[in-house]
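Encoded as structure tokens, the structure appears first; notes follow it.
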Amino acid sequence: MADRERLVNIALALIVPACALAAYGMGEPFYVTLATRIAILALAAVGLNLALGLGGLVSFGHAAFFGIGGYAAGIFATHAFNQTPLLASPVVIMATSQMPVIWLVSAVVAGLAALLIGLISLRTSGVYFIMITLAFAQMIYYFAISWPAYGGEDGLSITMRNSFPGVNTLNPLSFFLIAYGLLLLALFAFSRLRDSRFGAALQATRQNEVRVASIGIRPLRIRLVAFIISGMITAVAGALFADLNRFAGPSMLSWSMSGELIVLIILGGTGRLFGPVAGAILFVLFEFALGGLTEHWQLFLGLILLAVVLFGRGGLIGLLAGKVRHG
Amino acid sequence: MSSALLIEQALNGLQFGVMLFLMAAGLTLIFGVMGVINLAHGSLYMVGAFACAAVAAYTGSFWLGLVASLIAAAAAGAIVEITVIRRLYNRDHLDQVLATFALILIFSEGTRWVFGSFPLYLDIPKVLQGAISLPGGGQYQLYRLAIIGAGLIVAIGLYLLIAKTRLGMRIRAGESDREMIGALGVDIASLNTIVFALGAALAGLAGALVGALQSVQVGMGEPVLILAFVVIVIGGIGSIKGALAGAILVGVVDTMGRFLLPQLFALFMQPSQAATAGAAIASMLIYIVMAFILAVRPKGLFAVNA
């Protein structure tokens with residue numbers, strides 16, 4: 001079983017860059033963008049998978065972190081382009097268009113937001129947790145809409161895609177490779193984390209909170225750390241997503257974005273290392289293929305999703321590589 | 001700031017709260033009896049609004065539209081329960097979230113397919129047009145008062161239904177122990193369908209009533225749904241009393257916050273800054289209230305089985 005999952009993982013890891021390279025070679029930049037979209041959505045979902053898949057924390061508010069990353073990229077790009085300071089008083093801070101700095105800022109801000117949201121919402125569980133994470137994401141959404149300095153309802157256009165040292169990010173293949181590199185990094189981190197002592201404790205809190213507490217591990221602390229790391233990864237994906245679309249807007253913070261991130265994980269396979277990648281491939285292909293057939297593609301997405309939830313548990317990875325050894 | 005304006009805003013808050021109660025009551029009933037989190041409740045609200053607008057446009061009667069909204073939403077609710085929700089009772093919350101999220105996609109796109117992307121409009125019925133004067137010299141829309149009245153009547157009716165009737169007794173019994181009432185010979189499957197349809201009808205009623213104040217369009221349900229979640233989280237999931245208290249609290253705090261905060265900020269800020277900062281904070285206010293309440297009482301104000 002495990003070997004078959006490894007084979008599936010390797011195949012998935014190779015198929016995305018292979019398609020991107022082939023599309024680039026054939027002079028089809030649109031398909032490279034599609035592959036980039038897959039890589040970025042997968043990265044966001046890897047973040048969520050840490051909380052949802054390993055920790056069993058059904059966060060319906062991860063759009064908050066995704067959007068925070070997106071707005072960080074948008075705000076930095078706007079200030080850097082206009083050469084206005086990010087902060088004028090008490091000290092002048094200039095913006096930069098360097099992606100690594102933006103990623104760092106995104107991750108730190110999202111980490112702080114996750115700390116605050118987590119401290120309140122992790123005191124609860126089950127349905128409460130779902131609704132509260134949704135409510136907090138909605139709070140940030142409304143804040144973004146009603147704060148006119150950074151676009152309000154219209155969002156922020158990014159005139160010039162942010163830059164990466166030594167790489168021309170305007171080239172679609174280079175940008176894809178950046179996104180894909182980060183995805184592989186996140187997958188590596190996810191697998192190391194899953195197999196670490198921390199990961200064992202996190203999965204144990206999902207399976208039996210009382211037992212974990214009784215052997216002297218505080219479930220709240222474990223979950224909080226997982227929630228924060230999860231939010232940070234998703235935020236970096238958000239920054240990339242804004243750079244991909246050259247736009248950061250309230251839609252990145254919306255509840256349906258949170259829903260889509262969960263959908264990605266379920267389509268792929270909850271808690272599986274490459275579940276988010278498989279899910280992102282399926283989702284983007286659905287969107288592309290059905291969207292080409294009918295403008296009402298979301299209706300069919302809904303039907304497919306319903307069928308997967310009701311009848312096909314385990315997602316694509318579950319289908320290809322069999323069920324997980326222990327649940 | 002005149003007292004008339006203050007009264008008007010307070011009434012607006014109450015009207016908003018009453019409307020949220022209609023949504024939250026159904027959600028909390030469904031959760032209480034079936035243990036299901038229903039994201040598609042906002043879609044039922046939308047179904048009610050569209051049914052009312054379509055029938056009112058066809059027949060020219062708002063009241064027929066109102067009846068249609070109840071029937072359409074209850075029927076949609078019953079169908080959804082029988083085809084989808086029934087399979088989710090023993091699943092975890094993640095599956096429920098996903099399946100009902102899928103239902104939102106289906107309802108929204110389906111409605112857009114049938115009615116198109118343009119909003120429909122619903123006129124306030126003739127009897128309820130116009131305004132009445134308030135103490136202090138202001139005027140207040142009669143229709144909004146009627147919504148408050150209708151909401152309060154529904155609240156009382158719901159209380160009587162749950163406290164005094166046989167169906168209510170079964171609902172309460174279902175909330176405390178599903179298996180036991182099944183063993184005692186109550187047909188749980190049809191009880192679930194009835195409760196779901198009842199909750200759906202309340203959501204449809206809310207949609208139809210609000211449809212005359214705003215435009216009727218796809219996606220109108222989800223913002224209200226999320227506020228209804230905030231309401232039942234504040235009130236305590238499963239508690240109708242909590243839903244009423246939470247709904248009024250959220251409605252009044254949100255409306256008054258939007259009205260008062262910019263004025264409050266204007267006391268120590270420049271007018272333009274005060275307006276934007278006030279509006280931004282006001283839009284977050286109910287979530288901040290929710291966070292505070294949860295910090296003190298993680299299970300809500302009127303927790304059931306806490």
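Placement of Cβ uses the backbone N, Cα and C atoms for every residue, glycine included.
Listed in TrEMBL:
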{"type": "TRANSMEM", "residues": "A:7-24", "note": "transmembrane segment"}
{"type": "TRANSMEM", "residues": "A:30-51", "note": "transmembrane segment"}
{"type": "TRANSMEM", "residues": "A:63-81", "note": "transmembrane segment"}
{"type": "TRANSMEM", "residues": "A:101-120", "note": "transmembrane segment"}
{"type": "TRANSMEM", "residues": "A:127-150", "note": "transmembrane segment"}
{"type": "TRANSMEM", "residues": "A:170-190", "note": "transmembrane segment"}
{"type": "TRANSMEM", "residues": "A:224-242", "note": "transmembrane segment"}
{"type": "TRANSMEM", "residues": "A:274-293", "note": "transmembrane segment"}
{"type": "TRANSMEM", "residues": "A:299-321", "note": "transmembrane segment"}
Query: Top stretch among A:30-51, A:101-120, A:224-242, A:299-321 for CB pairs under 8 A with the transmembrane segment (A:63-81)?
result: A:224-242
Touch test for the transmembrane segment (A:170-190) and the transmembrane segment (A:30-51), at least 3 Cβ pairs under 8 Å: yes
Field: Cβ contacts under 8 Å made by the transmembrane segment (A:299-321) with residues that lie 6+ beyond its boundaries
entry: 1, 4-5, 7-8, 263, 265-270, 272, 274-275, 278-279, 282, 286-287, 290
Message: Against the transmembrane segment (A:274-293), which of these stretches has the most C-beta pairs under 8 Å: A:30-51, A:101-120, A:224-242?
response: A:30-51
Statement: With the cut-off at Cβ under 8 Å and a gap of six or more residues from its ends, the chain residues touching the transmembrane segment (A:101-120) are 61, 64-65, 68-69, 72-73, 76, 132-133, 136, 140, 162, 182, 223-224, 227-236, 238-239
